[in-house]
Amino acid sequence: MIQDMIAIIRDYWLLLLIGQYPNGPLGGLANTLILSALSIALAFPVSILFAMARLSKSPLLRWPVTALVYFTRGVPLLMLILWSYFLVPLMTGADVPSFVTMLTTLVVYQSAFLSEVVRAGIVALGPGQMDAARALGHGYFGAMRYIILPQALYNMIPSIISTFVSTIKDTTLGYVINVPDLTFAASQVNNQLLTQPFQVFLILAIVYFIICWTLTYFANRLERRITRRRAGLSSLPVASLVTPSKIVSEQL
Amino acid sequence: MSGFDLSEILGNPDYAAMLLHGIKMTFIIYAGSWSMAMALALLLLGVRLSPFRFGDPLVAAYVSYHRNVPTLVQLMLWYFGIFTLMPSGVATWLASHNAEAIFAVIGLGLCQAAYFSEDLRSGVRSVGDGQMQAARALGHGYVSATRFVIMPQGVRNALPPLVNHSVSLFKNSSLAVVIGASELTHAVKEIENLSFRTFEIYLIGTVLYLFFSLVIMSIGAYLSMRADPARSARA
């Protein structure tokens, strides 16, 4: 059993790592990580804008974004993927690779979730920070840029890592539209071997576990450190130090 | 595209039957995995709360595994992997009894149990130590203090995350389509293949998921309201 698994890894490690590359598209674990990293990198600025829109006084900004966030959180990710699979080629009028379709979906999906994290981070700071910044002569955007966001985002680092972990897990759904990621590579291996599906999928589970567990562990360590540092640096009541990841720790 | 037209799908009895069957299967999978997850979560919580420490690392490992491995991969491992390892008698029986749905329930239930047990544990942990001491001082034993004093408060505290995770379990039930269970997403894809009314059928599917998610959230909101101590004090 374990020997079978070692043999599979020995024979197929390259396929699991980078897919068919360079004879085909980049795939495997490399593609999973690139897809996750890209979607977080793109979703992050969008989520800040979403959060600011949701906290804005103007209903014109607040309502559409709130509706979008509620919609995204109420619909299964799989359904959103099917929507993009159908809508993205229709809107661009071109043959879109499944990687781009998946990236689009993940950016929309993670922006909605991250925006709630950012919003919680800003709300957790308390209104005094904004009042003080405005009193010092900052405009709204200046205060956001120099006072609110740096503090809120720093407190949010652990939650962002958690979101990254869930993005890695979400990329597996690209399987449905044949995104060449790690899950796809594993099912290719399974199709070639045919006789050892348990071993193949156990390897897959273990690889995901190692990556996600490491990141989760790192996020927890960081969260403790941030809480400690905040507690040491200021004499604010502890209630205002609740990090946003406590509020939005697990995604819906 | 020949214009937006829902009537072709809603007016066709075959499609309507497929949709209804999909909704039914989604609810069977949801109810099955929810009950399984809750039962297992209570068991895991019992191990965690018991004064015997040796079970704790096992529960922690269980939770950690299920939280760090994608749900889809867990479903694949069950359906493509463990299914094939089963003795042929069991496998044959399962294959003739909708194995896809059974493994969807097992996979989702085991995975969700990890989330539910953590929700319950954080709820119970937020009940102050004094509650247990007071209950013991009143003559309750450990088990009856847990049963009558700690758990009612702990579950009440755990309600909001439990509701969130119940909604996410409902949405995750759509993953069962990957292992071939004929639930709602499956019905949507089938009808799309047959009717080519892509936009319309996705819209129907999406609205149905949104609607049922909202129903689950409202049930949660109702339970939270019922469990509100201020309200029960008035009653």
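Cβ coordinates come from backbone N, Cα and C, glycine included.
Residues annotated as domain 'ABC transmembrane type-1' in TrEMBL: A:29-219. According to TrEMBL, the feature transmembrane segment maps to A:33-53, A:65-86, A:106-125, A:146-165, A:198-220.
Against the transmembrane segment (A:146-165), stretch A:106-125 shows more Cβ pairs under 8 Å than any other of A:33-53, A:65-86, A:106-125, A:198-220. Long-range contacts of the transmembrane segment (A:33-53) within its own chain (CB-CB distance under 8 A, at least 6 residues past either end) are made by residues 26, 61-62, 64-65, 68-69, 99, 102-103, 106-107, 110-119, 122, 144, 149, 160, 163-164, 167-168, 171, 174, 179, 181. Away from its own ends, the transmembrane segment (A:198-220) comes close to residues 1, 4-5, 8-9, 16, 29, 157-159, 161-162, 164-165, 168-169, 172, 182-183, 186, 189-190, 245 of its chain (Cβ-Cβ under 8 Å, at least six residues beyond either end). Through the fold, the transmembrane segment (A:106-125) approaches residues 35-36, 39-40, 42-44, 46-48, 50-51, 54-55, 65, 68-69, 72-73, 77, 80, 84, 148-149, 151-153, 155-156, 159-160, 163, 166-167, 170-171, 240, 242-245, 247-248, 251-252 of its own chain, all at least 6 residues removed from its boundaries and within a Cβ separation under 8 Å.
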